Amino acid sequence: MGAAGVLIGQGFDAHRFAPAGSGRELWIAGLYWPVPDSCSEADAARYEGIEGDSDGDVAAHALIDALLAAARLGDIGSLFGVGADAHGAGRHGIDMLQEVVAHLASNGYTPASASVAIIGNRPKIGTRRAEAEAALSAAVGCPVSVTATTTDHMGFTGRGEGIAAIANALVEKI
């Protein structure tokens, strides 16, 4: 542990978009991304949800892994399980994130700062960046910055097949 008792962790998550007509809602960074009223039927597929055992919120899931890694408390799979019968099945990522913060506290850690980079072509995160930062910061109890980038049409995110996120978090021993 560092001299100041500050530890750093990194997390990553990726999910494919659900097939059109699946009925999955799109949740990213604790926010629901509805299909805009002005959206054409052809463009509505951009707002199809994300496949996953939970809501597939890659930002929340990457942040969970970063926080757990910093405190050396495992990862999202070791805490919530995987598959349809897992403790995290059907849950919102933001709720899981709040549970992780409580788990950190019960083990003597508190989040100090975090950042999440969302990687994908859709939806356009910048239009709701402030909301995303507010939602994640409220859940974690510390400042969380949110950035977004595309991959210039490279890889599965560039082809529009899915979305990913990388997160870094600082936690302090209390």
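Note that Cβ sites are derived from N, Cα and C of the backbone, with glycine treated the same way.
The divalent metal cation binding site annotation in Swiss-Prot covers D13, H15, H61. In this view, H15 (divalent metal cation binding site) is surrounded by 22 other Cβ atoms within 10 Å of its Cβ, with every protein chain counted. In the three-state DSSP assignment, the secondary structure recorded for H15 (divalent metal cation binding site) is strand.
The Cβ neighbour count for D13 (divalent metal cation binding site), using a 10 Å radius and every protein chain shown, is 24. Per Swiss-Prot, 4-CDP-2-C-methyl-D-erythritol 2-phosphate binding site is recorded for D13, A14, H15, D75, I76, G77, T149, T150, T151, D152, F156, R159, and the stated evidence type is sequence analysis.
DSSP gives D53 (site 'Transition state stabilizer') a coil state; it is part of no helix or strand. Marked as site 'Transition state stabilizer' by Swiss-Prot: D53 (among others).
DSSP classifies T150 (site 'Transition state stabilizer') as coil under the three-state reduction. For T150 (site 'Transition state stabilizer'), the same-chain residues lying six or more positions away in sequence with a CB closer than 8 A to its CB are I119, G120, N121, T157, G158. Residues or ranges marked as site 'Transition state stabilizer' by Swiss-Prot: T150 (among others).
Cβ environment of H61 (divalent metal cation binding site): G11, D13, S54, I76, G93, M96, A165 lie under 8 Å away, each six or more residues apart in the same chain.
Taking the Cβ of D53 (site 'Transition state stabilizer') as centre and 10 Å as the limit, one finds 19 other Cβ atoms among all the protein chains shown. Geometry remark: T149 (4-CDP-2-C-methyl-D-erythritol 2-phosphate binding site) versus H15 (divalent metal cation binding site), CA distance 16 Å. A separation of roughly 10 Å, to the nearest angstrom, links the Cα atoms of D53 (site 'Transition state stabilizer') and H15 (divalent metal cation binding site).
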